[in-house]
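Residues or ranges marked as active site, proton donor in TrEMBL: B:304. The active site, proton acceptor feature in TrEMBL is assigned to B:383, B:411. Summarising the annotation, TrEMBL assigns domain 'Alpha glucuronidase N-terminal' to B:20-140. What TrEMBL records for B:144-471 is domain 'Glycosyl hydrolase family 67 catalytic'. Here TrEMBL flags B:472-694 as domain 'Glycosyl hydrolase family 67 C-terminal'.
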C-alpha cells in the first residue's frame, strides 16, 4: 500500500527531536510487544470523516513504528481486534456498552474498552463523535508507549474545558514575538508558508494532547497581517484551516480593530457606527465562505498602543460586541483580551498600580458582553512573571465568558535556554480558591464553566514553538507544550503525572532516565525563581528582550513595573490602608490574607508589601538573607541539574543530549549573572553583610 | 553670464537652515554696503587651478548675495579692486608686500591686505599656495558678513595644525553610526549617492572653516564597505574625492584590516606575511591610479570586535606599518585609532580599568611606527563623556605622530536634541598642560607638532551632519561643526570669539539675538553637565542608544563603565595606593593633583576617587547635596534657555526658530527625567534628605 509506505518512510526520516512525544519507539518489553501485536495487528476505523482519515494515518504510522511490523494495514471490521469508531456509528450494545454511558461525557469524550467475544481480545475506541475518537486514539497510543497492559481497559474520558486553545504570536515576516525556537512555521517573507507538512505535524502534536483551537497570528496585528482577512491571504489560510480541521482544531485569526479604516476605506472604526457594523458583517460572511468552520477573532485592543474602541469613546463591550454580532450567525466567537493597562505610566506616580488595571477595566462591564464573546485573562495581574498571585478578575466576572491565558513561551522565565517546567505553576493557578461563591470556588471551576455556568470558556496559551528542529529550542521545553495540553484537558492531573508521561513518551521507559529528568523538571520552576526574583517581586529583568538580570531595568520606566527598593527595604505596598488598594479586588478571604503583613505567604510578600530588608519571613530568615541564600542556592541547583543531565549521556540520542546540555550551560551563566547582580545590588543598597560571608561584589 | 546666474539662482533657492554660516545675507549697514560694493565690485582671481575655480564661484555667489548687486562678474586684473592669488603667481613687491612675510606662514596660510595705489582702494588676498587663497577668501567673506571695515586690512594667518580632519561614521546603507541628523549624504541603499551637489555644499562648509581632510565611511567597516577599495566602488569614490579636492580636502577611507581575506582570497591578514604585504601594496597602487591625491586609510583594529593584528600575535605597530609601507611611496598616511580596550570586561573584576587601556596598549610601542602613521587618540580615556580628564597618551607618545580625536556628534551629550556647545570643552582639552616636557607642554602644542616635532599631526573629529535640511538636526548644533573647524585652525581663539562669529554669520548682527544666542551656547555644556553626571563620573545613560538617564544602565555591563555607587558613596578609585593606579599614567604634576583627594578638582572628583556622599567639595557642598542642587538647577537652566530662545521669535526665519524651540522642549523633558531619576536613585540609596526639601521620588 503506497500511501502507508510513504507515510511510514516519511516518519522514519524524522529525528526524535522533531517527533517529540509522538516518537512511537519500538516497544521494549517482549511480552508487551506480543500482546500489542496480537490486538493491534488488525485494526478497523469505522468512519470516513477527515478526522477518521487522520486517525487511520496516525495508527498506521504509530503501530508500524512501535512494532516494527512490516505490514500495518487496516483490516475488515469483522476481523479487527482494534476498532475505532463513535457512538453514532456502532451499535454499542453489541459490545456490551451501555449507551447511557455516553451521556455522562461531552462530545469530545471517548470510551476505551477491552472486549472479549470468546474467540479473541478486542479493544474498542469509541468517541462520542469523531473528535472523541481522535482523542481516544491518541490516549490509547500513549498507553502503548507507556508499555501498559491493554487486556482489561475501561476508560471513559472527556475534556474538562471546552475551549483549549493555542495562540501563536507569529508575524507574517516569519518572526515570532517572544519566540525562542526559530522562525514561524506558518509564515515567511510576508507570505504563508509552503511547508504545510510541518503545519500538519504541529496539528498532530496539538491534537494528541487535546488542543482544539488555534489562532495562527500575533495578537499585535501589524500592517501586512491586517490583510489576512482579505483575498490576498484568505485562501491560503483556508488551506491551513483545513489541515487543522482534520485534527479537530478550529482556526482563529487575530484581527486589527482598525480594519474598517485600513482595509475598508471607512473613515472610522467606531463600534457603534452603522457602516462599521456592516463592514464587519460582510467581512465575516466572506471569511465563512472559504472557512465554513472558522473559529472567530482574537483581539488585542486599546492595549500597548493597539487601536480599539477607546478612540471613539466606546468601551470594551462595545468593541467586542461589534465583532460578536458579525460572527454570531456563523457560530464564531470573539476572544477579547483583558491585557489592558496604562503603558505610558509615569514612574513618579505612586498611585497608579498596573496590577489593578484589568479588573478596573473589565469588572464594571460584567454582563454587558454578548454570549459569543470570551474575555481572555492572563493568569496574573502583571505579565507572566515567575510568581504572581492569581488575577482578581477570576471569579469577579460572573456573567461573562472567560478564558484563562497562560504563556508556554518562557518570555520572562528563561526563554527556553533556562529550564522551567511550567505545569506546577499552572496547577497552582488552577487550584487557587477565589472564594467567589464561597470555599471551593477554584479557578479551574471558573474556567471550565461550572461555577457560573458560562456558555463557553476554557484556557488559552501563548505557544512556545518555532521552526527549530525540536520545535521548542530546548528539547525539555517540549514538556511545557505537552503538559499544557494534558493539564487543560484534565486540570485534576498532577504535575508529576504529566511530567512522568512526557518523560516516558520522549525518552522511553528507562528508570534512571525517568527519575533524573522527572526531578529536573519538577525542581526547575523553583530553581529559576531562586536565582531570579523570589518573594513575588518580579521584573528586575533586562528591558525589551527580557532575558538576564537588570535590577533597575524597569524601575524608572513607563511600564508600571517597580520594586521601590531603597536603602531600607523593598516591595510594593498594595494594601488597602497604606498602599494602592489592589488587595481590595480579591474576595474577602484572600483579601484578608494578602492585605496582612503577617498572613501574606512568603512567596507573595513583596508583591503585596513594602518591607525592611530585616523583616523576618515565616521561614525565619530575614528578607535580605533570603535573597542572598536563594540566589546562592539557585546557582548550585543549576549545577546539580547539569550533573543529573550529564549522568544520562549515552542513554538517549546524542542530538537530544547535547541540545539540553548546551542550554544548561547557558542557564548556568545566566544564573550566576542573576546571583551576582541581584546580590551585589542589594548588598550595596542595604549594606547588610551575608551571614555566611559568601562573595558579593 | 549663464554660469553665474545658475550658481546664484541655485543658491537663492536654498533655505537659511541649509546654507548654515554661508548665508551671505544682504549687508545691513548702508555705509558698509557702499564700501563693500566699491571694493568688491571688481574682483579678479589670478590662478586657474580647481581651487581657484571654487574661489571664483564662492565669490560670485557671496558678493551677489550680500550686495544684491545685479552683475557680479570677474573683472580684469588691471581694473580689479579685489585681487585673489598666491605668492607663486603675483609679484608681491608690486603691492608693497615683503616676500619674506610668507616664510613665516605655512603653505595653507594667507595674507589679506588693503592696498592704496593712489587712485583707489584695493584688497589683496594672497595665499601662500592656492589652498591659502581659498582659506583667505573665506576669511575675507567672514569679515564682510560681520560688517567689518575692509579699508585698512593687514591679516597674516595660517593654520596651527597640519591635519584638520573630519571623520564621517556613515554606512553604505545610508545609516550613520551615532548620527542624529538624518541619513548619510554620501550613501544610500548600498550605493554611493547620486546627489553630488550636497557633497559639494558640505565641502564648501568644511573648507570655509579650514578642514583639509575627510574620511567618508564609518570606522566600523562592515561587509559591503569593505569593498570600497575595489572596482565596485572606487570610481564613484574618486568622483567624491574630486569634489573635495576642489575645496582643498584630501579624501581618506576607513578600511577593514581583514581585507586581504575578505577581498583577496588570502588565507590570512597577518601583517608580517609577505603575500599580505604585497596585497596591500597592489591595492594602494590601484587606489592611487584613480585618486592620485588619496589621503590614506583610517583604521579601527582590534577594537570592539573589529579584526586586527592581535589575531596573528602581532601588535598595533606591525598592523599600522603594514599599511604605511603600502601607502608610503604615494604620500599616503595611516590614521590608526587608539580606541582599544577590553569590551568584554567582567563587571566583577575591580582590577581592570578601561581608562588605562589606550596608554597600556600604545605607550610601549612609542617609536615603533613608521613616519607616515598617525595614532588617533580620543580626547579622554573613556568615550566622549560630558567631562573626562585628558587622555594620558598626550605627551606620553614622544616619537609617534599623533592626532587628537573629538566627537562633534553629541553621542552622549544630548544627540543634537539637547543643546551642548562643545568648543569650551575642546578648549579645555587643548589648553591642558600635560607637563610632558615641563610646564607649558599643552595638548595643543603636542598635536600641532611643535612640542615633539612630529612630522604630521593635528586634530580629527566625528562629524555631526546628515541629510536633514539643516545638516545637524538642531540648527544650533551647526555651531559645533563651525566651531570645530575654527578652533583647530587656531586653538588660541577663545570659545567666546568663535561662538560670536557663528551667531553673527548665522543669525545676522542684531545685538539682542547675538547676546541671547551667545549666552545660550556658552552656558550649554555646563547645563548639560548639571542635569546629567556632574563631578566627572559619566555614563549613567541608557545603554546602546545613549540618550536619557539610566543610572545603573552600565553598572553591570561588559563595557568597563562603572560608578560603584553604594549606600555610602560613589566614584571610581583610580589612585595609585588603593585604586586602579590609573593616575600613574600622568606626568608627575598632574599625577599628584589627580591622585590626591584634597587637590583633585571637583569636576573630576568621582572620576578619580570613591568618596562618601557626605564628602565636602571645594565648593563647600557635600557630594550628595551637589548632586541634588545641580540636577534641580540644570532643569531650571533649561527653562531659561527656552525663555531666551522664545524671546527671539520673529527675529529670524520661522523654520530656524521652530527647529530649535522644538529641540529645547525635548531637552526639557530629558532634563527633568535626568533630574528625577538621578536624584531619586541617590536619595533611595543614600537616604540623605535634600537640604532644601525639594521633591524627590
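From the backbone N, Cα and C atoms, a Cβ is placed for every residue, glycine too.
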With neighbours defined as other CB atoms within 10 A, the best-packed of the active-site residues B:304, B:383, B:411 is B:411
The domain 'Alpha glucuronidase N-terminal' (B:20-140) resolves under DSSP into 50 helix, 23 strand, 48 coil
Cα-Cα, residue B:411 (active site, proton acceptor) versus the residue listed as 'active site, proton donor', nearest Å, comes out at 17
Rounded to a whole number of Å, the separation of the Cα atoms of the residue listed as 'active site, proton donor' and residue B:383 (active site, proton acceptor) comes to 13
Model confidence over the domain 'Glycosyl hydrolase family 67 C-terminal' (B:472-694), as mean pLDDT, sits at 97
